[in-house]
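Now, the feature entries from TrEMBL:
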REGION    27-55  region 'Disordered'
DOMAIN    101-187  domain 'Acyl-CoA dehydrogenase/oxidase N-terminal'
DOMAIN    206-292  domain 'Acyl-CoA oxidase/dehydrogenase middle'
DOMAIN    304-432  domain 'Acyl-CoA dehydrogenase/oxidase C-terminal'
DOMAIN    504-622  domain 'ACAD9/ACADV-like C-terminal'
Amino acid sequence: MLSIPRHSLVARLARNRTLFPAVSSRWKSSSVPSEKQPDDEFDSGGIKISTKPSHHRLEKRAPFMKNMFIGVVDTDLLVYPESLNRDEQSRVVAERDTLEAVVKSGESKESLAEKLRQAGVFGLQSPLNHGGKQLIETELAYFNELVGSKDFATGLIAGQHNAIVQLLNRFGSDRLKDSCLEALSSGNSTVASALFEEEAPCGTMFSTIASQDADRNQWLLNGTKSFVINGDKAGYLLVLASTKAMEQMNAQDTTITAFLVDAQAKGIKKTEATETFGLEDVKQVTVSFENVEVGSENIVGTEGSGAEVLGELLKSTRVQTSVLGVQLMKQFLSSLIKHCIETKTGGGHIMDIENVGEELAKSACSIYAAESMIYLTTGLLDDFVGQDADMEAAITKAFTAEKLMEMAIQPLRFVGPQALTKGHPLEALFRNSVQFFGQSETIDSVKFFVALSGLQHAGMATHETIRKDRNPAMNPSHVISKMFEKNTIDSPKQFVNLEHFLHPSLDPAAHWIEFSIQRLRLATECVLSRHGSEVVGRHIELIRVADMAVLIYAMLATATRASRAYCIGLRHAEQEIYLANTFCHEGHEKVRVLAKQLEQGQFITTDANYLSLSRYLYKQKEYFFEHPLTKNF
């Protein structure tokens, strides 16, 4: 740990008393509500419209995590967000308390799900004039904590429902909104996303095709979508399909379009529920479309804008489903702590075993980090207009899913075989965790998105440096200057003095985060210089780059949250400081190893050896080594 002289510490503490309010005001000013509006008002048609104070947003800032790839840190965002002011906080806490009273009154899973629907969980992000609450992302996450802790299945269904309703309100035509938002906001009808396809398309992003019938101003939808959660009960389906205009019928399709489809439309066929290891309370069906007629007014957005709609959908669902993942992690940890306290072994209680305690402490660190990342990301989305936070949302989902799966197997180590007994609480948590990990998208695909987004951003910002690196013979002076550069992956240098923006007790964490950001920048430059545009096919290195970004964002979220907690005097703040320093130390070591592997390349690491072995496995089509007892004489 880095030591701080006593006289320096006293001076820093005095300075921070004035520093933090000044810095935090740059972020918190985004949550100042508009002037108080009346509780009820009427439009010209006599329709009652509930109102709430507007959540003001600041101007868009440069992307936070993408800039880490080029070593640029927006220090104004290093204060943990307080997106809700006192009035907003009081209102949302009161509304959640009301919902919690409803949750506690539920007697069975069926009655609980129905009471949640009646309480309005399917209208949390619906517009006010359609009976919704129009919550911002931070408020929605706060509500989803409660829903997810009581009914994971309903939380998963309502999560995708609310995200799609928000898309309809933003991108849908007036005719489309008038026809369905009222029913969707009340929960009388639900909407499910139909995205996943088992068969890989050829030449298109989706094998589901929408062909235009220009004469009738309609589209004909053909294809199959799999693993549609709640697809048997949903009244509407959000379908993404490859689209071709009439004059392009024989050309390769390069565009996708989002459609809202009536689930009862002619030509739609739903198969029996797909049996999976995950959720038991919710059915996942396969939906087939055969010449299903969809009106042009049912396009969400515009023709060919499906990629934008998909991006917005994924950004919201990645963050909000992470809230559900954190609730599963908390339930796991609480159950394991109770088991360790109450269960005895031959030498005493399980709680006296050191390695068990270490694993539980690491789990607590993971939960704290994931929770911190969620509300840091929602703060970026809520407090800045059109903020580019796609990478932050993806990082949050990847971190939460991986840490949840690590925790899900702990009962097999601490509890034993009874943890998988049918009906055991830990068995249900394990099932839900597996469902969460594999839901909608693979974690590797999320990491590829993180890495490629960061590398693309870095490539555009540093293209001149990369060009010189890739042509050393034509740029000898550049090569010589690189040889004498003192800032290396082995010995990174400070460049922004992050300790000035955190509480002095977090000096160690600040230094480790800063070194990690430097290593990410240097590793990014190294990878781009080595591979150029061919980096897209270097999947092992892409995963390493993504893992570095995930760790850095987790470290930043953890340290800034702990700093805020200590400065405002929250309970257990001392333990938060201790946790943050510990987490950042471990994260820094992992980043150092990953950066060094990226610098060395596949021929110095074991990557090339494993790739060669994998090719031989594909050739033999099975495990091919001879049995250890086989003789050759």
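Every residue, even glycine, has its Cβ placed from backbone N, Cα and C.
When DSSP labels each residue, the domain 'Acyl-CoA dehydrogenase/oxidase N-terminal' (101-187) comes out as 68 helix, 0 strand, 19 coil, counted as helix, strand and coil in that order. Taken residue by residue, the domain 'Acyl-CoA oxidase/dehydrogenase middle' (206-292) breaks down under DSSP into 6 helix, 45 strand, 36 coil. In terms of DSSP secondary structure, the domain 'ACAD9/ACADV-like C-terminal' (504-622) contains 106 helix, 0 strand, 13 coil.
Per-residue pLDDT, averaged over the domain 'ACAD9/ACADV-like C-terminal' (504-622), rounds to 95.
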